[in-house]
Amino acid sequence: MLFPLVINFFMAVICYIITVRLIPRLKDKFIKANLFGIDMSKTTSDKIPESLGVVTGCTFLITMFLFIPVPFGNSLLYKANFPQDEFVKYIAALLSICCMLFLGFADDVLDVPWRHKLLLPTIASLPLLMVYYVSFNSTTVIVPKPLRDMFGTSVDIGLFYYLYMGMLAVFCTNAINILAGVNGLEVGQSVVIGLSIIIFNVIELFGNLSKAHQFSLYFMMPYVAASLALLKHNWYPSSVFVGDTFCYFSGMTFAVVAILGRFNKTALLFFIPQVFNFLYSAPQLFKLVPCPRHRLPKFNSKTDRMECSLVVFKYSEINVLGKLCLTIFRKLKLIQWKEKSDTIITNNFTLINLVLLYTGPLHEAKLTSYLIAIQVACSVLALIIRYPFAWIFYDV
Ligand code: UD1
Ligand code: MG
């Protein structure tokens with residue numbers, strides 16, 4: 001079991017070295033291809049190459065392809081014992097990730113509308129769900145001890161389990177993309193999630209599902225390595241932007257290991273800040289409250305600090321549901337509120353703005369560091385929930 005993992009680790013290190021050198025060399029090519037953005041939080045308006053996540057994705061995929069002979073090499077020599085089912089899992093996982101990388105890149109180039117952003121990951125996750133159906137088809141959920149009198153020890157939720165896994169792929173891909181807008185945040189949060197999954201896999205490596213966790217590690221180590229290389233160039237002050245390509249690629253990689261590594265509920269625990277950001281953003285995402293094209297914090301060039309970005313609207317134009325959300329957010333002190341007759345001025349509903357609301361204006365690098373610290377703290381919380389807490393509620 002250890003040999004392929006050790007090889008995978010060294011291949012991940014090589015993947016990091018190649019990616020970190022490749023990115024600066026390809027920057028000009030991206031600008032020539034009109035793939036660039038302007039950093040809205042800087043005084044200069046230099047062209048910053050965008051969608052460099054595609055380079056990370058490609059070096060990751062190449063590493064994964066080159067790795068195939070390592071776990072399957074022995075079986076290739078003795079064809080009769082070739083583990084077809086393991087191989088199909090590996091290939092389907094790569095297919096889903098590859099599809100999402102392609103769709104993410106298409107999104108960066110063509111600017112796909114929002115509703116399609118929900119559809120694309122659903123379709124890209126189908127090969128994965130098929131393999132899950134053929135290999136495991138386990139749709140049983142263990143009931144927590146306090147509810148066992150009502151529901152029994154376990155409940156088979158059938159089709160809903162597949163619905164949940166499909167939604168997990170959609171959520172993972174989009175949740176990272178909407179917690180974005182300050183240098184290094186998209187990749188920073190993804191690296192923390194990736195490292196948290198690695199820690200969890202290592203803890204579980206000697207448990208009953210060791211094969212599944214080993215499978216997850218094969219993907220996670222090269223993923224984290226390639227992403228760290230991107231982070232080096234995307235950290236403040238960013239010399240490249242990651243693009244939606246990276247967010248989609250990351251989200252799908254997490255969904256793949258969660259589903260085929262058989263920890264799709266634990267995986268969601270590593271997304272606590274993203275779940276919060278999604279719920280907090282929901283009134284704007286579902287257009288109950290106006291949602292500008294960009295919700296990233298506002299840069300104050302005089303102080304070199306980031307401030308909450310604001311949204312202005314007429315209270316009378318908001319529907320009942322929107323008004324209810326606004327009231328709840330105000331009661332929970334999640335938003336600032338300025339009222340001038342019918343006109344309301346409040347902050348955009350993102351976790352980034354919420355941090356700024358409580359800390360006051362911050363330098364961009366410090367803001368990213370705070371948000372990454374929140375992600376790390378939530379991962380620690382996730383492991384506490386998964387272990388000491390789970391021992392209270394389940395027979396583990
Ligand atoms: C998502 C967010 C949007 C946020 C944007 C920033 C939602 C619904 N959408 O949109 O609010 O403004 O991400 O990435 O929440 N940029 C910077 N600095 C950075 C990163 C990005 O200025 O550190 C700017 C650049 O101009 C870059 C652009 O954002 O070109 C990329 O935005 P894009 O990824 O296309 O936005 P969305 O993912 O659609
Ligand atoms: Mg984006």
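Placed from the backbone N, Cα and C atoms, the Cβ positions cover glycine too.
Listed in TrEMBL for this protein:
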{"type": "TRANSMEM", "residues": "6-23", "note": "transmembrane segment"}
{"type": "TRANSMEM", "residues": "52-72", "note": "transmembrane segment"}
{"type": "TRANSMEM", "residues": "87-106", "note": "transmembrane segment"}
{"type": "TRANSMEM", "residues": "118-139", "note": "transmembrane segment"}
{"type": "TRANSMEM", "residues": "159-179", "note": "transmembrane segment"}
{"type": "TRANSMEM", "residues": "191-209", "note": "transmembrane segment"}
{"type": "TRANSMEM", "residues": "215-231", "note": "transmembrane segment"}
{"type": "TRANSMEM", "residues": "240-261", "note": "transmembrane segment"}
{"type": "TRANSMEM", "residues": "370-394", "note": "transmembrane segment"}
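The stretches the transmembrane segment (159-179) and the transmembrane segment (52-72) are not in mutual contact, being linked by fewer than three Cβ pairs under 8 Å (pairs 6 or more apart in sequence). The highest tally of CB pairs under 8 A with the transmembrane segment (370-394), across 191-209, 215-231, 240-261, is held by 191-209. Beyond the transmembrane segment (240-261), the same-chain residues lying 6 or more positions past its ends with a Cβ under 8 Å from any Cβ of the stretch are 23, 27, 30, 35-37, 39, 48-54, 56-57, 60, 89, 92-93, 96-97, 99-101, 103-105, 107-108, 120-121, 124-125, 128-129, 131-132, 135, 165, 168-169, 171-177, 180, 186-187, 190, 193-194, 197, 201, 209, 212-213, 215-216, 219-220, 223, 227, 230, 233-234, 267-268.
Proximity of distant same-chain residues to the transmembrane segment (52-72), defined by a Cβ-Cβ separation under 8 Å and at least 6 residues beyond the stretch ends, is recorded for 3-4, 7-8, 11-12, 14-15, 18-19, 22-23, 26-27, 30, 82-83, 86-87, 90, 94, 97-98, 101, 104-105, 218-219, 222-223, 225-227, 229-230, 233-234, 240-247, 249-250, 253.
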